[in-house]
């Protein structure tokens, strides 16, 4: 095995990156580290698209890390992700394996691939008051003016956007010291799915997850005492399904709004990954529609080329 420290599999939602990563991990006899900002929560399964059955290949369970590690309602952040990633990474490396990082949360991916440690950012009440009356569109415009690392792909609520700006303001005014974080030599593989196929898969998967009980999952979380605002904070499925569950939306409004939001989210993910390329990352793109064996051979060939 060449001197790569990590293989990263990234792609938009519904691109098939998880089955690909699991099949690759089975082939290389290794383990997966998730890079998904919502799959870290226990009990939030259908709404985050965990699809844990994808980690079973030919009857063999592929070990995965950083899924189901926090309770719903908790505000897990990128600083904790870096810490937990390193723990998982070192655990896998100690077994003599090449870890596979897989996910679609741009901030989490880039925070470990870029190789510098982020530091916790305190709340700025004065800034929060100043931004409180602004719309999500206005806040997104402010956020896009910053050049540093914040993941606008996951900013789909006012609360998240304000927190994102708070982080950017803090970094803009705080000298960035050299921070200890391993410089990982990573082979980055992007799963490129045709736009129309992606849209079709998103809609089909949304209908399937609703049939499987996604509304009931949200109602259960609410019944367990998770506050509606906390679920709405997680965005996408949890935002729309919570608004439906508490009577603020009809079923049709929920479905149409959520379907549109997921399509927009996937588009923003691709914009983020293209931005990574502009920021100096080399992403080797593989066609999502290729047979699994061909995709795995593509990665193995890239490993040999190193």
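Every residue, even glycine, has its Cβ placed from backbone N, Cα and C.
Residues or ranges marked as ATP binding site in Swiss-Prot (evidence: sequence analysis): 11, 12, 13, 14, 15, 16, 17, 18. The Cβ neighbour count for residue 11 (ATP binding site), using a 10 Å radius over every protein chain in view, is 28.
The substrate binding site annotation in Swiss-Prot covers 13, 14, 15, 16, 17, 18, and the record cites sequence analysis as its basis. Taking Cβ-Cβ distances under 8 Å and a sequence separation of 6 or more, the neighbours of residue 15 (ATP binding site) in its chain are 104, 191, 192, 193, 198, 288.
Annotated region 'Interaction with substrate tRNA' per Swiss-Prot: 36-39, in sequence order. Regional average pLDDT for the region 'Interaction with substrate tRNA' (36-39) in the model is 96.
For residue 105 (site 'Interaction with substrate tRNA'), the Cβ neighbour count at a 10 Å cut-off comes to 23, with all displayed protein chains included. According to Swiss-Prot, the site 'Interaction with substrate tRNA' annotation covers 105, on the basis of sequence analysis.
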Secondary structure composition of the region 'Interaction with substrate tRNA' (36-39) [DSSP: H/G/I, E/B, coil]: 0 helix, 0 strand, 4 coil
Shell list (substrate; ref centroid = CB of 13, 14, 15, 16, 17, 18; cutoff 8 A): 11, 12, 19, 20, 104, 191, 193, 288
Cα distance (Å, whole number) from residue 105 (site 'Interaction with substrate tRNA') to residue 14 (ATP binding site): 13
Neighbourhood of residue 16 (ATP binding site), C-beta criterion under 8 angstroms, separation at least six: 191, 193, 288
Neighbours of 11, 12, 13, 14, 15, 16, 17, 18 excl. site residues, C-beta within 8 Å of centre, ATP: 104, 191, 193, 288
Sparsest Cβ surroundings (other CB atoms within 10 Å) among the binding-site residues 13, 18: 13
Cβ packing number for residue 17 (ATP binding site), 10 Å threshold: 23
